[in-house]
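Chemist: Below are the features listed in TrEMBL for this protein:
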type	residues	note
TRANSMEM	22-42	transmembrane segment
DOMAIN	33-274	domain 'G-protein coupled receptors family 1 profile'
TRANSMEM	49-68	transmembrane segment
TRANSMEM	102-128	transmembrane segment
TRANSMEM	140-162	transmembrane segment
TRANSMEM	168-192	transmembrane segment
TRANSMEM	213-235	transmembrane segment
TRANSMEM	255-276	transmembrane segment
Amino acid sequence: ENISDFPLNITDCTQVVVPEEVFFTVAAAGILENLLILIAVVRNKNLHLPMYFFICSLAISDMLGSLYKTLENIFIILCKMGYLTRHGDFEKKLDDAMDSMFILSLLGSIFSLLAIAADRYITIFYALRYHNIMTLRRALVILAIIWAFCAGSSIAIALFSYEAATVIPFTILFPLMMCFILCLYVHMFLLARSHAKKIASLPSSTVHHRTNMKGAITLTIFLGVFLCCWAPFVLHILLARFCPHNPYCACYMSIFHVNGTLIMCNAIINPMIFAFRSPELRSTFKKMFYCSR
């Protein structure tokens with residue numbers, strides 16, 4: 001039917017609201033868990049490797065995502081209490097800063113996952129040359145370029161977020177980067193399968209290959225969790241920009257708080273995967289807790 005016949009935001013779907021206690025608990029847990037990852041990598045010199053630096057980059061992105069949703073929720077509460085207005089100059093600048101933090105978190109997560117995927121690819125198929133290709137200095141340069149690009153892009157997108165020409169490339173970037181990472185993983189596993197028979201006769205190579213494939217599987221889990229947690233919120237941004245009058249879009253947007261909570265759940269799940277899949281990180285956590293006791 002003609003969507004112009006429907007008033008704005010009219011829908012039969014009731015607004016789903018996440019209790020503030022749950023919201024802040026999930027956010028605090030995500031920030032603390034990722035902070036533990038950063039502390040563990042800094043304290044353990046055995047973890048001063050390019051792969052763990054890329055993992056730290058992902059942890060920082062997760063922390064920013066949780067911090068963004070926490071600040072946004074505090075902003076909404078203050079508006080309801082009358083301490084802030086929704087259309088003031090200060091509030092607009094604050095809203096732009098929070099939007100910039102959200103975009104920085106999303107772009108940082110995407111490019112960190114891309115860097116981790118590339119690192120795993122080199123580890124598996126260029127194992128003998130890995131330390132020459134992916135040096136610690138190159139990893140730090142890559143991270144500096146990634147975060148400089150993400151910071152500049154987040155500021156530009158936040159300032160011009162009301163323009164369709166800005167929203168469209170941003171939302172297209174998400175599926176394109178995810179497809180690129182997926183293609184890289186598919187190529188990685190297909191090559192690994194073809195090479196499995198060739199290295200079967202070499203026991204040491206087999207163990208090394210299994211270790212690298214375990215890392216590839218771990219990062220595949222990261223990618224799946226990232227898609228499940230971030231895709232609903234990105235879809236919400238698209239619908240809010242391009243079909244706010246449609247009752248079906250308004251119905252989906254009624255679960256805004258749930259989609260925001262999913263972002264923070266991603267920040268909780270990733271450190272659990274790190275701790276579960278990495279023996280070195282597990283031992284570092286044990287030493288940290290024993291020393292604190």
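Start at 1 and count along the chain as shown; that gives each residue its number.
Just so you know, glycine gets a Cβ as well, placed from its N, Cα and C.
Unlike curated entries, TrEMBL annotations are predicted automatically.
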Chemist: At an 8 Å Cβ cut-off, counting only pairs 6 or more apart in sequence, do the transmembrane segment (22-42) and the transmembrane segment (255-276) clear the bar of 3 or more pairs?
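Modeler: Since 3 or more Cβ pairs under 8 Å link them, the transmembrane segment (22-42) and the transmembrane segment (255-276) do come into contact.
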Chemist: Within the domain 'G-protein coupled receptors family 1 profile' (33-274), what mean pLDDT does the predicted structure show?
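Modeler: In the predicted model, the domain 'G-protein coupled receptors family 1 profile' (33-274) has a mean pLDDT of 79.
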